[in-house]
Ligand SMILES: C[S@@+](CC[C@H](N)C(=O)[O-])C[C@H]1O[C@@H](n2cnc3c(N)ncnc32)[C@H](O)[C@@H]1O
């Protein structure tokens, strides 16, 4: 997959493919990250990328000319592609959006700075607007890096069997179950017995029950969107009973 990021801070964005799963995927050629600096598409001696807002007010706005040229050069290079502007005014990023993106050949991610970008860039060249959440960052780079990481780990073969994305939170509409590793006991907390039993069927059932229970407790909104099987309902019921029993005991 080819990911192009239009940013005033290419070095910052490139650091996302330096390490870990994404770094390995890049080395193996599964993902190619190309950073484009709109400054390279300016024509004045100062390489100006921003200007004062029409109508007055604080701050600066990113100029449309160098942004349009950057986007169009990337569209030409990539062929059919989608341009996503990272903005607090966009659709909140969800796992299913990253999943769909991981299934296309390329994407252009556009990062704003200052007060944002000239609205006409959005009118002319932006296909979708995505947000990292209901807060304001000083630039779109962190959001773009989040997208690069989240999408790359979903590419076929990016993750080994051991860290498969299939059981991650949100991949099947539930939060992930809790995880434990050595040592068996730390301070006064022990690993749940079932995980030491070697009985894979019981372990699978326990994990499913925990995933259902956690989603119910922490993200009832996520659980509401899921059609639960009869078996899942029984497991969730069990989970709730166990919680009530442990509350009575303590
Ligand atoms: C200081 S912000 C501009 C915010 C803009 N004036 C507003 O209130 O909508 C500068 C840039 O950071 C990026 N940005 C800020 N918060 C973001 C968020 N929650 N998600 C994605 N990008 C964000 C956008 O690219 C934006 O153009």
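Just so it is clear, glycine is given a Cβ too, placed from its N, Cα and C backbone atoms.
Keep in mind the model is a prediction, meaning the values are calculated, not measured.
Feature annotations, courtesy of TrEMBL:
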type	residues	note
DOMAIN	1-224	domain 'tRNA methyltransferase TRMD/TRM10-type'
BINDING	112, 132, 133, 134, 135, 136, 137	S-adenosyl-L-methionine binding site
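Considering only the residues assigned to S-adenosyl-L-methionine binding, 112, 132, 133, 134, 135, 136, 137, the longest pairwise Cα distance works out to 16 Å. When pLDDT values are averaged over the domain 'tRNA methyltransferase TRMD/TRM10-type' (1-224), the model yields 96. Among the binding-site residues 112, 132, 134, 136, 137, the ones whose Cβ sits under 6 Å from an atom of ligand 1 are, in sequence order, 112, 132, 136, 137. The Cβ of residue 135 (S-adenosyl-L-methionine binding site) has 7 other Cβ atoms within 10 Å, all protein chains considered. The C-beta environment of residue 132 (S-adenosyl-L-methionine binding site), restricted to residues of the same chain at least 6 apart in sequence and closer than 8 Å, consists of 86, 88, 92, 93, 142, 143, 146.
The Cβ of 136 has fewer other Cβ atoms within 10 Å than any other of the binding-site residues 136, 137. The most crowded of the binding-site residues listed here (112, 133) is 112, judged by how many other CB atoms sit within 10 Å of its own CB. Residues near residue 134 (S-adenosyl-L-methionine binding site) in space but far in sequence (CB under 8 A, at least 6 apart, same chain), listed by position: 88, 92.
Look at residue 135 (S-adenosyl-L-methionine binding site): DSSP puts it in coil.
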